[in-house]
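Written below as structure tokens is the structure these notes are about.
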Amino acid sequence: MKTLWQHCNVASMASGVYSIIEDAAMVTSGAHIEWIGRRSEAPAGDYAQVNDLAGAWVTPGFIDCHTHTVFGGNRSGEFEQRLQGVSYAEIAAAGGGIASTVRATRAATEEELFGSARKRLLSLLRDGVTSVEIKSGYGLDLASERKILRVIRRLGEELPVSVRSTCLAAHALPPEYAERSDAYIEHICSDMLPALAAEGLVDAVDAFCEYLAFSPEQVERVFIAAQQLGLPVKLHAEQLSSLHGSSLAARYHALSADHLEFMTEEDAIAMAASGTVAVLLPGAFYFLRETQQPPMEALRKHGVKIAVASDLNPGTSPALSLRLMLNMACTCFRMTPEEALAGVTLHAAQALGMEKTHGSLEVGKVADFVAWQIDRPADLAYWLGGDLEKRVVRHGVEVTV
């Protein structure tokens, strides 16, 4: 079924820049874009439907390429404690921090996890998100990681959003493996990843490379196991210290390395050579009141593609708005609105290995787009919060969230 969408301006984000088409039109056939260009040049045809977009600015559907949407419990109490002067170490010693989320997630049923994650994901969708990545990592044993990954798959089946599932079993050390991190890494590589991959629950594998998590040597073992299973890898790296995890990620041609506040220029050079995307997470930077910014000039200088994501998680970025992250990327990291928009479209698609089908409005790509009632594309990063008037189209069909 062919549909004509017209009376709009388009920021197609082809090549990662606005690539503006004024007074534009677009033809979709089924779930894909068949033609896009100036309205005066639109092909004549017997369209099943003609949609007037009322002068809207059309962008690709937003892609949130780094989230931890599925978890049990609530850590707003810790937020209060930290603001009253209790340190993160004291909270963790009392059983809080990530350990409390692991306990709550393990205790929750699959149905309970689905219900709470669905609400959070709907908030992202109301912001124009049409594709999302969701990580496991709050189970830290085979049964609980499987439970989370099954919920992630179900979210993609029941909501109007394309979902990529990432296994982050190497997120933290579970209590039953205290002081035995090498043994836990061996369990991930020999038992967890093969079983979960065999069940078709995993699209990519991630790990947390940090002094309070896992060493580069341990992460490399996870990467080798993932590659033996034919799975692409990603990495949380350089958030709190420099371990050159991003260079390790580049060596294994990772889809992305994420956070990166403490990365070096040498890391940026390695990522550029491997095509590894830098995923910046301004929500966590803001929420933790960090002061060390990612090396933006090094990333730009060496041509590293830069994505932006919500990092939605209960401990360090309880962010329910990807559009708010656009503003934070601009204000905290001095990105331009154009760079930030590329960060949640084409470069986010690249961070998920989806750039051939998603992330820009080009012939042959999937027809995921948002028609925004705004004056110019920069408005998407300019307005703080609120619900901008919009129409969301996924796979060529208008959806209501």
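A Cβ is built for glycine as well, from the same backbone N, Cα and C atoms used for every other residue.
Worth saying up front: this structure is predicted, and the values here are computed from it rather than measured.
For the Fe(3+) site, Swiss-Prot records H66, H68, H236, and the single candidate of D127, D141, D311 listed with them is D311. Of the residues Y47, Y138, Y177, Swiss-Prot puts just one in the N-formimidoyl-L-glutamate site with N313, G315: Y138. From the candidate list R75, R118, R120, R376, the residue Swiss-Prot records in the 4-imidazolone-5-propanoate site shared with Y138, H171, Q239, T316 is R75. The binding-site residues close to H68 (Fe(3+) binding site), defined as a CA atom within 10 A of its CA, are Y138, N313 out of R75, Y138, N313. Cβ-based neighbour count (10 Å, all protein chains) for H66 (Fe(3+) binding site) stands at 31. The binding-site residues shown are H66, Y138, Q239; of these, the one with its CA atom nearest the CA of G315 (N-formimidoyl-L-glutamate binding site) is Y138. Listed binding-site residues: Q239, N313, T316. The one with the lowest count of other Cβ atoms within 10 Å of its Cβ is T316. Taking the mean position of the Cβ atoms of H66, H68, H236, D311 as the Zn(2+) site, the remaining residues of that chain whose Cβ falls within 8 Å of it are T67, K135, D258, H259, L281, A284, A309, L312, N313, S317. Within the same chain, residues at least 6 positions away in sequence whose Cβ sits under 8 Å from that of H236 (Fe(3+) binding site) are D206, A207, F208, C209, E210, A213, G245, D258, H259.
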